[in-house]
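S.K.: Quick one: structure below, then a few questions.
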Amino acid sequence: MSERIAEPVPGVDVPPRPRQPAGTRFQRVLRTISPRIVTGGGGGARRVAGPGEVVFAAGFFGLSLLLLLLLPFQTDWLPSTKLVVQPRFWPAVAIGAMLVFSGGHLLRALAAHPAGGAWAEIKGWLRPLEFALWFLAYVLLVPWSGYLLATVAFTSSLSWRLGYRSARWVLVATFFALCVVLVFRSLLGVNIPSGALYELLPPGGFRSFLMTRF
Amino acid sequence: MDMLLSGIGMLMHLDVLLALLIGSVGGVIIGAIPGVGPAVAIAILLPATFALPPLVGLVMLLGIYGSSMFGGALPAILINTPGTAVNALTTYDGHPMTRRGEALKALGLAYGASFGSGILSILALIVLSPVLAKVAPMFGSKEIFLAALLGLVLVVIAHRGQALAAGMLAGFGVFLGTVGLEPLKYTQRFTFDQPWLASGFDLIVVVLGLFALSQAFVLLSGPDESPDAKPIRGSMGRAMLGTLRHKRIVAAGTGFGVLMGMIPGVGEFTAQFLSYTYAQKTSADPDAFGKGSPEGLVASESANNAVPAAAMIPLLALGIPGEALTAMMLSVFYVHNVIPGPQLFQGQIDFVYALYVAMILLNVIVVLFMMVSSNLLLKIIRIPTRFLGVMILTMSFVGVYSLRNSITDCVIAAVFGWIGLVLKRQDLPPVPIILGLVLGGIMEVKFRPAMARVEVLADFFQRPVAAVLGMAILALIVGQLAALRRQAMERNKA
């Protein structure tokens, strides 16, 4: 949650004194140099930025700036060709829009009163990367072990990792994996290659059946 | 009339009817599970439908799209948790009714209102189709470019309080669409000499990442919850008949739903807001709204269920999707070489009618299913949230990997899943990225021929439809800037 604010901010933590503008000094300076249409007006209590809002806005603005710098190197400009037909035209329009809007978003976030908790929020962004790795491990396992085995292994081990450790949940996870394979591979015949492990089975009907259905 | 009968004939095949049944019932179940939603389900099922005939695949996805909001009302009313995002307003009045011991009445009204507005909206579209068939050919390159631009402008403006973020995300979507080989001169753009970037970012991979994988990541990394609700007792059919006492509100909600659904980028939320406000202002008991008002519940549910049918208009008539779900459906059309747009209305109007009749049938199937299955669905919504995350992650694999058996696609989807998670944590919408990706591509392709004979700016707006669209875009931008300025001045005064 939000961190404790060291200094009470006029207009946010305490009511502003007469003629005293709201916000920190930095925010007041920012509001004088940025268009009010973006950051809001001068008086009254300021909007409170969400945790990590400034980090996200700055990151997006940085990405837009980086793309703008790369534009001449990553797109072509053809001689004696009209502007609207240039390969560079649409990326330039898109990056221009990103830059303008993300700049406005960043100014708005900077002008708002920070809620704190940015680090906790960033940790919250990083935590799911573990599950992205689980997903990619599953992706790598399928061409090797086959869809059925990989799916059973994935659902039951990930469920175990998440705390579903009773025999009941292992059965539920295995049953779910079986249903997914039966519906998508056996019934709908979606395009998933058979596993290399199946090649080790003796040639015959059973191997063909496994390779085409599971 | 012949075309309507021909459309009905197209539907009367076992595979089409089976797809409709699976899509409708599946959509209700998916909609009833908080945390899944139609976008996740459609994203996962998209590649599976590519192997099916176009009508079968589209009907299945339409079934999910049109029926999920029915299912979403169930947890919204019983456990104060909307099954889909658009059922959020339903919780305002639905759950207080449950707390008062009127759960059956609330569910009956929600299903009745959804059914009534679903049927009315489709009938309105069937009546409107001949008009659309006449209007659609008036859209050339200029008009389609301007309609796509209007969609993007509306997407930005419709995100009240988040217009800047929506703008930057829409710009990001347009940028993503430009990566790879450009369509005219075949030069490479932002590929960094990487062969896997030459074909650009696939819409389905991005959609699966932003909607399905991100939702799985949210559920897997969040606290484990298992919703619980008491079973319903009594006659659902009789409870649904109670909707007849609110015919005016159903009609108004349908009207708002159809109007807002037709405009790209606007959708259910605006329709619900207008419908709810209208119902409250014309109610004999406006103070009851938000505290368990049957009128409020009917207003919310009738508006959101009228939108799916209307949202098909810009998609079918112009080939321009108005929101993420119709953007996904566009890819099904493209895969089957059915190009939505003016030609579809001129050459294959029976196909369009078949889709409309399918939507009527899905409403009938869903309402019959809901009459007997509400208590069964209560058991399904008890799936613990983290296990639900495992389920979505497992099924997302099918969606991504079955496209091209590409591990790179899976890595890209995982990256977009992470981006989607950050957006969700920041309370920012992923929809502008998808619409930017789709509409940006349309705009680029149409802009070049549109500019072929344009020497001064006025040449672009010579034709009446282009002039109207141009004026609408200008009015929206000026109106939005004026509203922002007015708000800033009011804050200054305060």
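Each residue, glycine too, has its Cβ placed from N, Cα and C.
The annotation domain 'DUF112' is assigned in TrEMBL to B:17-435. Marked as transmembrane segment by TrEMBL: B:12-33, B:39-62, B:69-89, B:109-132, B:144-176, B:196-220, B:315-339, B:351-371, B:406-423, B:465-484.
Can you walk me through where each of these features ends up in the structure?
M.R.: Long-range contacts of the transmembrane segment (B:39-62) within the same chain, counting only residues at least 6 positions beyond its ends with a Cβ under 8 Å from a Cβ of the stretch, are 10-11, 15-16, 19-20, 22-23, 26-27, 30, 68, 204, 207-208, 211-212, 215, 308, 324-325, 328-329, 331-333, 335-336, 338, 351, 354-355, 358-359, 362, 392, 395-396, 398-400, 402-403.
Panel annotation: around the transmembrane segment (B:196-220), residues 35-37, 39-40, 43-44, 46-47, 176-177, 179-181, 188, 190, 324, 327-328, 331, 385-386, 388-390, 392-393, 395-396, 399-400, 403, 408-409, 412-421, 423-425, 430, 433-434, 437-438 of the same chain, lying at least six beyond its termini, place a Cβ under 8 Å from a Cβ of the stretch.
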S.K.: I need to check the long-range neighbours of the transmembrane segment (B:351-371): which residues 6 or more away from its ends have a CB within less than 8 Å of a CB in the stretch?
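M.R.: Distant contacts of the transmembrane segment (B:351-371): 3-4, 6-8, 10-11, 16, 20-21, 23-25, 27-28, 55, 58-59, 62-63, 66-67, 70-71, 111, 114-115, 118-119, 122-123, 125-126, 129, 236-237, 240, 308-309, 312, 316, 338, 344-345.
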S.K.: Taking the transmembrane segment (B:12-33) as reference, which of B:69-89, B:109-132, B:144-176, B:315-339, B:465-484 has the most Cβ pairs under 8 angstroms?
M.R.: B:69-89
S.K.: Looking only at the recorded stretches B:109-132, B:315-339, B:406-423, which one has the largest tally of CB-CB distances under 8 Å to the transmembrane segment (B:144-176)?
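M.R.: It is B:315-339 that shares the most Cβ pairs under 8 Å with the transmembrane segment (B:144-176).
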